[in-house]
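Annotated features in TrEMBL:
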{"type": "ACT_SITE", "residues": "Asp196", "note": "active site, proton donor/acceptor"}
{"type": "BINDING", "residues": "Glu10, Asn146, Asp196", "note": "divalent metal cation binding site"}
{"type": "BINDING", "residues": "Arg93, Asn95, Glu113", "note": "substrate binding site"}
{"type": "DOMAIN", "residues": "8-255", "note": "domain 'SMP-30/Gluconolactonase/LRE-like region'"}
Amino acid sequence: VVKEKNRMGECPVWEERENALVYVDINSQKVCRWSTVTNEVQSVSVDARVGSVALRQCGGYVIALGTRFAFLDWDTQKVTNILELEQDKPNNRFNDGKVDPKGRFFAGTMAEETAPGVRARQQGALYTLFPDLSVIKQLDRVDISNGLDWSLDHRTFFHIDSLAYAVHAFSYDVHTGKIACPRLVYRLEEEERMPDGMCIDAEGKLWVACIDGGRVIRVDPETGKRIQTVRLPTPRITSCCFGGKDYAEMYVTSAYDGLDEATLAKEPHAGEIFKITGLGVKGIPQNFFAA
């Protein structure tokens, strides 16, 4: 549905009030918005790699870029910094993020590659930005903090550390926002490659984007079993979210960075955004950051 190619399209968020899909292109340092009404893509350039974007209750967005949290005013394109983290780790940046049921923004960090396939291990962390703009660290020694969401009863937090090739669940206290007691939900099979972004559907099942696996998979967190696979026409599938009318459509982002020229020539859809219909299941609306 979006032909404009992203180097590293990520973190799609359905914005019902705009009938639009908001997402980031991490490596192009852009926050983008595709209108389903006009079919136009607008974007705002920022001064660092931007890992994630989320909706704000009062309008505009909260973003995680470089190693800082910030607000983005879409109309003025103004970025207002909130807090800088990990200043002792110049090679780190924020990656995926999402707002919890109480309006807190969870986002995690990772170390950038220093050469193709080479990165310092366990340099990342997972943080929570509260509506009063205070921050706590939830997890440490993470490789690539990635896909995240909450169970429908708000008792469980799901999180992906990509280099663990697995989805983990944590007990989650909706009142404090704290997570605890990690356990394995699903370990990816070899052909599924590496887990990236993730979202939950209205039946409480998880959808995981498989980067380099060219697919999204549906996982039952109760049984730990994969129950569905949807293949997409390009390998570097990065993230997914539900949106559209009644949240019955799934939007899927992809990337072309990381593909060599020979592969790119065979992958005309790399970096585009796709819409999946007919899944027979709906999603749930996004949470808004409560500040």
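Note: Cβ is positioned from N, Cα and C throughout, glycine not excepted.
TrEMBL does not curate its annotations; it predicts them automatically.
Of the chain residues outside the divalent metal cation site list Glu10, Asn146, Asp196, Cys11, Asn95, Asp96, Ile144, Gly147, Ile160, Ser162, Gly197, Ala209, Ile211, Thr238, Ser239 have their Cβ within 8 Å of the site's Cβ mean position. For the recorded substrate site, residues Arg93, Asn95, Glu113 set the reference point as the centre of their Cβ atoms, and the other residues of that chain within 8 Å of it by Cβ are Ile26, Arg49, Gly51, Asn92, Thr109, Met110, Ala111, Glu112, Arg119, Ile144. Long-range neighbours of Arg93 (substrate binding site) (same chain, six or more residues apart, CB within less than 8 Å of its CB): Ala48, Arg49, Gly51, Leu65, Gly66, Thr67, Thr109, Met110, Glu112. The 10 Å shell around the Cβ of Asn95 (substrate binding site) contains 26 further Cβ atoms across the protein chains shown.
Cα-Cα distance from the residue listed as 'active site, proton donor/acceptor' to Glu10 (divalent metal cation binding site): 9 Å (rounded to the nearest whole number). Across the structure, Asn95 (substrate binding site) and Asn146 (divalent metal cation binding site) are spaced 7 Å apart at their Cα atoms. Mean predicted confidence for the domain 'SMP-30/Gluconolactonase/LRE-like region' (8-255): the pLDDT average there is 97. The CA atom of Glu113 (substrate binding site) is located 16 Å away from the CA atom of Asn146 (divalent metal cation binding site). Cβ neighbour count for Glu113 (substrate binding site) (all protein chains, 10 Å cutoff from its Cβ): 12.
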